Amino acid sequence: MDAVFTFIQINYNMITTCLSVIVNSIFVYLTMYKSRKAMGSYQEILAATGVFEIFYSMLIVVSDQLLFISPDVFMVYMRPGAIFDQTPFVLHIMSIKVCCIGLTYGLLEVHFIYRYIAVCKPHYMNHLASGAFKLAIFLYFILHGLSIYLIYIILLPCDRDTKSNFLGPVFNKTGIDIEQRDVLCMTMTKGTGEVRFIGHLSIGLLYFFSLYSVMVYIVLGISIIRNLRRTVISRAAKSLQRYLTIALVVQTIIPVVTNFIPTIISWSCPMFQLTLPLLFWRFSQIFVSLFPIIDPIGVILILPEYRRSLLFCFQRHHEKHIDVISV
């Protein structure tokens, strides 16, 4: 059964990556050429989101990682035979894959910051198109990914002694010998006092960054909704802001359900001695691959301009097909 699941998972990741490239390419086209002029530079942020999700989905295939999670350890290692398996920079590749979680946090915060300024501080809107603001937003976005990357690459590389504590359990459950493999791990119960301290420090930092991002979403989200209700603007402008806010809510819910919650639970297992069913981990891996596909589809379905443009293309193609058959 495990062998069948592994085979399906490898092909599944490749299929979802191809679908992500197609869907997000369409999404980027719609944001750049079918957006209302009133959206301003926000369409650039939406387009950047599509480009990031293409990169994210490709990295899922390139960094083909496996997780071993038990009440004692959270462990990440490369699947045998993967593209970068047994290379000198395998730890960096795995850390970059995980740092995309931090980048997703940061990208959502950028969306909330822009929507907050547009709705609550419209007198600052002229600054949003400036090069200084775009540079500041980009650095803020990169900082989130860099933070997660540094936690993983500095604190989580597994030394030989710590790895030896888990050789048997990993081999018995997965059939993979990790003795000669580069591994990232976090444990609070096994190893020396220093190893356990690093485990607690790592989970504390990861919790901090996650909590900070969630607080940004909540605080700015509440402010946006309150101001939308009491601000007097034209019906067209209010309709646009309402649709963009709904789209942002969907863009927040999708990664929280498919990405953030499974990841935080994974980090928490060695902290709280949790044992979760294998089915949970298998479904969570499936959802991680689906995230870059579902996210743009949700936005396209919510924003009327994108939805109508896409439906028009399908209708026109269908009409041409009928004309060809009738001839």
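Yeah, the Cβs are placed from backbone N, Cα and C, and that goes for glycine too.
Predicted automatically and left uncurated, TrEMBL annotations should be read as such.
Taken from TrEMBL, the feature transmembrane segment applies to 12-33 (among others). Residues 43-44, 46-47, 50-51, 53-54, 56-58, 60-61, 64, 286, 289-290, 292-293, 296-297, 299-300, 305-306, 309-310 of the same chain lie 6+ residues outside the transmembrane segment (12-33) yet bring a C-beta within less than 8 angstroms of a C-beta in it.
Taken from TrEMBL, the feature transmembrane segment applies to 45-69 (among others).
According to TrEMBL, the transmembrane segment annotation covers 89-114 (among others).
Sequence annotations record features per position, and here TrEMBL assigns transmembrane segment to 135-155 (among others).
Per TrEMBL, the feature transmembrane segment maps to 197-222 (among others). If one looks beyond the transmembrane segment (197-222) by at least 6 residues along the same chain, the residues whose Cβ comes under 8 Å of a Cβ in the stretch are 102, 105-106, 108-109, 112-113, 115-116, 144, 147-148, 151, 155-156, 186-188, 248-249, 252, 260, 264, 267-268, 270-271.
Positions annotated as transmembrane segment by TrEMBL: 243-267 (among others). Within the chain, the transmembrane segment (243-267) has long-range Cβ neighbours (under 8 A, six or more residues past its boundaries) at 39, 42, 49, 67, 69, 74, 101, 104-105, 108, 111-112, 115, 119, 186, 203, 206-207, 210, 217, 221, 224-225, 228, 274, 276, 280-281, 284, 287-288, 290-291, 294-295, 298-299, 302-304.
For 279-303 (among others), the entry in TrEMBL reads transmembrane segment. For the transmembrane segment (279-303), the list of distant contacts is 5, 9, 12-13, 16-17, 19-20, 23-24, 26-27, 30, 46, 49-50, 53-54, 56-57, 60, 67, 69, 243-244, 246-247, 250-251, 254-255, 257-259, 262, 265-266, 310: same-chain residues at least six beyond its ends, Cβ to Cβ under 8 Å.
Sequence-distant contacts of the transmembrane segment (89-114) (same chain, six or more residues past either end, CB-CB distance under 8 Å): 42, 45, 48-49, 52, 55-56, 59-60, 62-63, 65, 76-78, 128, 137, 140-149, 152-153, 156-157, 182, 184, 209-210, 213, 216-217, 220-221, 224, 248, 251-252, 255, 259-260, 263.
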